[in-house]
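Novice: Swiss-Prot feature annotations, pasted as is:
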- C380: active site, nucleophile (ACT_SITE)
- H516: active site (ACT_SITE)
- E518: active site (ACT_SITE)
- S13, K187, T188, K189, P190, T191, Q192, K223: UTP binding site (BINDING)
- S13, D147, I148, E149, K187, T188, K189, P190, T191, Q192, K223: CTP binding site (BINDING)
- G353, L381, G382, M383, Q384, E404, R471: L-glutamine binding site (BINDING)
- 292-543: domain 'Glutamine amidotransferase type-1' (DOMAIN)
Amino acid sequence: MTHFIFVTGGVVSSLGKGISAASVAALLEARGLKVTMVKMDPYINVDPGTMSPFQHGEVFVTEDGAETDLDLGYYERFLRRAKMTKLNNFTSGRVYQDVLNKERRGDYLGGTVQVIPHITDNIKERVLRAGEGYDVAIVEIGGTVGDIESLPFMESVRQLMVELGHKRTMLMHLTLLPYIKSAAELKTKPTQHSVKELLSIGIQPDILICRTEYDVDADTKRKIALFTNVEARAVVVCKDAKTIYQIPRGFYEQNVDDLICERFGFTDLPEADLTDWDNVVEALLNPEYTVRVAMVGKYVELPDAYKSVNEALLHAGIKNRVKVQIDYVNAEELESQDVSILKTADAILVPGGFGERGTEGKMKAIQYARENGIPFLGICLGMQLAVIEYARHVAGMPEASSTEFNRSTKYPLIGLITEWLDERGELQQRSLESDLGGTMRLGAQKSELVEGTKTREVYGKAEITERHRHRYEMNNRFIEAIEQAGMKISGYSSAQHLVETVEIPEHPWFIAVQFHPEFTSSPRDGHPLFASFIDAAKTQHQKSK
């Protein structure tokens with residue numbers, strides 16, 4: 001029987017609902033419970049797949065190929081025993097699309113389709129389905145309490161809490177405790193009004209997570225409890241931390257897991273063992289020295305656009321006991337600049353992306369890394385550009401390009417994938433006229449790594465599974481020419497023999513991959529490719545001293 005914890009936010013947005021929810025999930029998992037998580041997004045887009053990274057940040061790809069909110073990345077990084085799927089994230093757009101499709105088919109037998117019950121029932125069905133087979137499902141509602149867009153979701157939560165009952169549901173509400181310097185005190189009124197907003201729609205919070213920059217004394221906690229109908233021990237302080245990976249320990253010290261287990265009747269559970277989290281924090285806060293990675297992209301003004309890459313580099317730093325400083329380099333600006341901005345880098349990374357804008361700057365950075373022996377990692381578009389750069393400057397194809405940028409190029413090193421097998425083994429077909437949304441090669445795919453290559457050595461095995469999100473792929477017609485020039489194809493897809501990884505054997509560390517390894521990195525386990533990349537950056541750092 002699944003128990004549900006609903007997570008809402010009030011006062012302001014960006015309080016960290018996702019991180020707080022994931023930290024609670026990690027704590028419950030450490031008690032031996034089977035935990036999953038769900039994110040409900042109120043926007044009308046069907047999914048974030050076609051949204052600008054400047055609008056939404058990163059699109060996180062699940063194993064089964066769902067394009068989801070970046071919060072699902074937090075969920076997977078904090079949980080070890082649960083992988084997110086397309087069931088774990090849905091939007092208002094997805095719900096309305098589903099309901100309208102049913103109406104067009106006549107499923108409602110001519111009845112009037114309304115927000116209540118049709119939309120709310122659809123939301124409830126999705127929540128219950130996502131929670132099947134788990135002890136606890138933690139469900140985050142995007143946005144802020146009081147937003148008009150989230151009202152159907154809040155009503156669905158209210159109904160579920162009534163239908164499932166007190167012993168199977170809880171609500172955790174995040175609020176802000178602002179500090180007024182002129183008065184030298186924390187203000188509780190915004191929290192009171194936020195809870196009042198919840199009460200007005202029939203929902204009583206059970207736990208309050210109070211975000212603050214300062215310590216909160218017992219009197220303030222009692223005051224908050226008095227005005228919000230919450231137990232004083234359920235007023236949890238979440239003070240700004242040096243790293244988000246300290247938060248599970250902070251919640252444990254305030255007995256958040258005990259509150260939940262008591263409510264749900266979970267007895268005879270072991271104490272939470274947070275040793276792994278303590279080790280992560282210790283390594284993160286006590287690095288031996290700093291290495292610098294230049295990340296060359298076109299969305300660098302918003303680091304959340306590369307959230308999983310940033311986190312994977314952080315995790316690799318933990319594994320190597322170094323601090324990884326990311327220097328963001330605007331690819332467009334680099335096109336008109338010299339490469340001096342890259343000279344302080346111990347390693348260079350070109351992440352995934354779409355479109356022609358900034359590609360010449362990225363290839364400029366790739367050429368610099370290749371010619372100067374700087375460790376280089378290319379991801380998705382970064383791999384495609386590494387192949388094009390090599391073809392232009394080494395393999396004698398100066399007009400080499402991708403059909404994404406130039407359909408009439410003389411040397412189409414990169415072309416549209418027209419056919420491939422999806423994660424279910426079913427044939428997928430695409431053309432240049434296909435819709436942009438949901439038409440990519442998505443999700444986990446198997447690859448075979450070539451024996452004797454550095455990539456095979458890094459992974460330590462012949463077959464790997466990594467997640468994909470792309471429409472274009474290296475053109476197999478040019479494999480022979482590229483390999484004769486010195487670049488090695490080090491990995492192929494198991495099903496279609498598509499190029500998955502390339503490397504330059506004569507270079508100290510030059511690997512580029514078509515997939516997205518960042519999606520499977522975690523703070524406790526890291527990822528072999530990123531760990532090896534940062535190890536190479538350490539070697540480069542020592543050489544340059």
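Using the three backbone atoms N, Cα and C, a Cβ is placed for every residue, glycine included.
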Novice: Return the residues near Q192 (UTP binding site), defined as same-chain residues 6+ apart in sequence whose C-beta is under 8 angstroms from its C-beta, sorted by sequence, else 'none'.
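Specialist: The answer is I224, F227, T228.
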Novice: Quick one: of S13, T191, Q384, which of the binding-site residues has the smallest count of other CB atoms within 10 A?
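Specialist: It is S13 that, of the binding-site residues S13, T191, Q384, has the fewest other Cβ atoms within 10 Å.
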Novice: If one looks at the chain holding H516 (active site), which residues at least 6 apart in sequence have a CB under 8 angstroms from its CB?
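Specialist: Result: V61, S308, G352, I379, C380, E466, R467, H468, R469.
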Novice: Can you tell me the three-state DSSP label for G353 (L-glutamine binding site)?
Specialist: coil
Novice: With S13 (UTP binding site) as the reference Cα, tell me which of the recorded positions G382, M383, R471, E518 is the closest one.
Specialist: E518
Novice: Measuring Cα to Cα, how many angstrom lie between K189 (UTP binding site) and I148 (CTP binding site)?
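Specialist: Spelling it out, the Cα of K189 (UTP binding site) and the Cα of I148 (CTP binding site) are 22 Å apart.
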Novice: Could you tally the C-beta atoms, other than its own, that fall within 10 angstroms of the C-beta of G382 (L-glutamine binding site)?
Specialist: 24
Novice: Quick one: give me the count of other CB atoms within 10 A of the CB of K189 (UTP binding site).
Specialist: 11
